[in-house]
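The following features are taken from TrEMBL:
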- 68-316: domain 'G-protein coupled receptors family 1 profile' (DOMAIN)
- 50-76: transmembrane segment (TRANSMEM)
- 88-109: transmembrane segment (TRANSMEM)
- 129-147: transmembrane segment (TRANSMEM)
- 168-191: transmembrane segment (TRANSMEM)
- 223-245: transmembrane segment (TRANSMEM)
- 266-287: transmembrane segment (TRANSMEM)
Amino acid sequence: MEPRERTNGRAMASTHSVGLTEFLRKTSMSNVTYNNPILEIEGIDVPHLFIYPVFVLVLVIYLIILTTNIGVMLLIMMNRSLHQPMYLLFFSLSFNDVLGNTVLLPRLMLDVVSTDRSISYASCVSQAFFSHTYGTSCHTVMMIMAFDRYVAICHPLRYTSIMSPAMVATLTVSAWSISITLVSVLLGLTIRLTRCRSVILNAYCDNASLFKLSCQDVSINNIYGLTFTVVLLGSSMGSVAFTYFRILVSCVSRKNKELNRKALQTCATHLVLYMIMLCSGFLVIILHRFQIDSKYRKMASILFHILPANMNPIIYAMQTKELKTKIVQILHSKVTQLQKFEN
C-alpha cells in the first residue's frame, strides 16, 4: 500500500473513532432522565429479621408522641386556668412536635416494611418543608419561651401587661411566620434546579438531599443554607444565653430564697428542653458537615425529631406544678370511676 493510501486509511479510522465516541456520548446523555417526577428514598438498612420489631418500635414511639403531646394540648385547651402565656407557648411547642413527627414517622414505618421506597417529587418537597419548619420552629418558639421566663422573673409586676394575650399571639405568629418564610426561601432555591438524579440519600426528604439531585451549580444553596443555619443558631443561643444571664443576675441581687428557688426550677425545665433540642440538632449538623458514615447521619436525623418530642411533655409536665396537678386530678378521677364501675 502506498504511503498516501495508508495515511488516508488512518485518517478515516480516526474520524470513525471520533464519530463513535461522539455517538456514545450523546446516547449516554440521552439516557439521563431530567426532572424525574418519581424519586427513590434510600431509607435505613434494617436486617430482614428485625424489620417487624423495628416497625413496632417506631409505631410505639409515634403513638407515645401523639398521646403525650396531644394530651397536653387538650389539657391546656380545656382548662382556663392554664390559659397563661407559658402554657400557650408550650401548646405551640407540642403542636410543632406532633407536626414534625407526623410528616416523618408514618413514612419511615412504610419504608421499613416495604421494598418500594418511591415517592413523588411534590411529596418529597412537602416532607422537606414541614421537616425544616419543625426544626426552625423549635428554635423560634424556645426563644419566645425564654423571653417569657425573663419577663416573669425580672419584671414580675409588669408581666401581665407585657405578656398580654395580644402580645403572646403576635410572638407566636411571628415565630411561625419567620420559620415558614426562611424555609420557603431555602426550598425555593432548590426547586429551581434541574434534577439529573433520583435517589434521596437519607432516611427521609430534606433540603440537602434534594439539591444534591441536581447536576447544576449549587453554590447559592450552600451559601444560603449555611447562612440560614448560622443566623438561626446564633440568634437562638444568643437570645437564650442573654435572657438567662439577666435572670441569674436578678436572682443573685434578690434575697428572697423561696422566689429564687421557684424561678430557677421553672428556668431549669426550659433549659433542659432547649439543651436536648440543641444537642440533637448539633449532632445532625456535625455528621452532615464531616461526612460521617451515612447510617449514623440518618439515625441522628431521626433522633432530632423523636427525642425532643418525647421528652418535652414528660419534662414539662413533671416539672410544672399546675400541669402536674391537673394530670394527677384527671388520673385520680379516672381511677375513682373505674373503682365505682367495678363495685
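Residue numbers in this text run from 1 along the chain shown.
Including glycine, each Cβ sits where the backbone N, Cα and C put it.
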*Would you kindly list the residues that approach the transmembrane segment (266-287) from elsewhere in its chain, counting only those six or more residues past its ends and only Cβ-Cβ distances under 8 Å?*
135, 138-139, 142, 145-146, 149, 152-153, 229, 233, 236-237, 240, 244, 247, 296-297, 300-301, 303-304, 307-308, 311-312, 315-316, 319-320
*asked:* At a C-beta cut-off of under 8 Å, are there same-chain residues at least 6 beyond the transmembrane segment (129-147) that contact it? List them, or none.
replied: 86, 89-90, 92-93, 96-97, 99-100, 103-104, 171-172, 174-176, 178-180, 182-184, 186-187, 204-207, 232-233, 235-236, 239-240, 243-244, 270, 273-274, 277, 281, 304-305, 308
*asked:* Within the domain 'G-protein coupled receptors family 1 profile' (68-316), what mean pLDDT does the predicted structure show?
replied: 88
